[in-house]
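Sequence annotations record features per position, and here TrEMBL assigns site 'Important for substrate specificity' to Arg25, Thr84, Gln166. What TrEMBL lists as active site, proton acceptor is Asp83.
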Amino acid sequence: MADHGKRPALFRNRVPLVLASKSPRRRELLSSVGLSFEVFPAEVDESLPPGVSPEEAVKGLARRKAQAVAQRAGSEAAVLAADTLVVQAGRFLGKPRDLAEARRMLKSLSGAWHEVFTGVALAFRQKEKVFFTCTRVRFRDLLPEEIEAYLATGEPLGKAGAYAIQGLAAAFVVEVQGSVTGVVGLPLAETLKLLLEEALIEPTPCEGFKDGA
């Protein structure tokens, strides 16, 4: 009898994997394909130098997180880190400090396009690989009452740009160009491609599988 309580594993680890993030969304994405990993949240200074580009900002912060955690993860573990930044009309929208700032962010996103940059860094045995994705997202026009209702849920806090595309804010999104999982916080297809290329994971063997065709 099939075990419906356990999600099928698409990939399996070849080395221990450490996720340098306390984000539950990133944990869920990695878990969704069957990978096992430890979580070591990275405590780093996330301030950005003036004039830095969005892509360099997210790559730099992801690299900084991976380096910080690699020092305590052990030499045999691969460390994966990520950082996400929302950019609208040239302005960087990080995590709102409070509901008032979240309200201002959501008002600026209403009825407009914005970009979501996510940088990913992989550190393993003194070697680093870093990349980023950029996804364009368009919100429909939001009623003031909708914004207030969304703020009341508490979901905007702790999210870059003050929204979670995989959560209630899915009701606001009318168009996405690029990686949806990149908006969530970890571009899954691109991250898996890197882990496969570095031989850190592999597809789960299909032992005992029978094609009924």
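Placement of Cβ uses the backbone N, Cα and C atoms for every residue, glycine included.
Please treat TrEMBL annotations as automatic predictions, because they have not gone through curation.
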Where Arg25 (site 'Important for substrate specificity') falls in three-state DSSP terms: helix
Neighbourhood of Gln166 (site 'Important for substrate specificity') by C-beta distance under 8 A, where only residues 6 or more apart in the same chain count: Arg25, Val184
Count of other CB atoms lying within 10 Å of the CB belonging to Thr84 (site 'Important for substrate specificity'): 28
Nonlocal neighbours by CB distance (under 8 Å) for Asp83 (active site, proton acceptor), same chain, sequence gap 6 or more: Glu46, Ala57, Val58, Leu61, Ala62, Lys65, Thr118, Gly119
Other CB atoms within 10 A, centred on Arg25 (site 'Important for substrate specificity'): 19
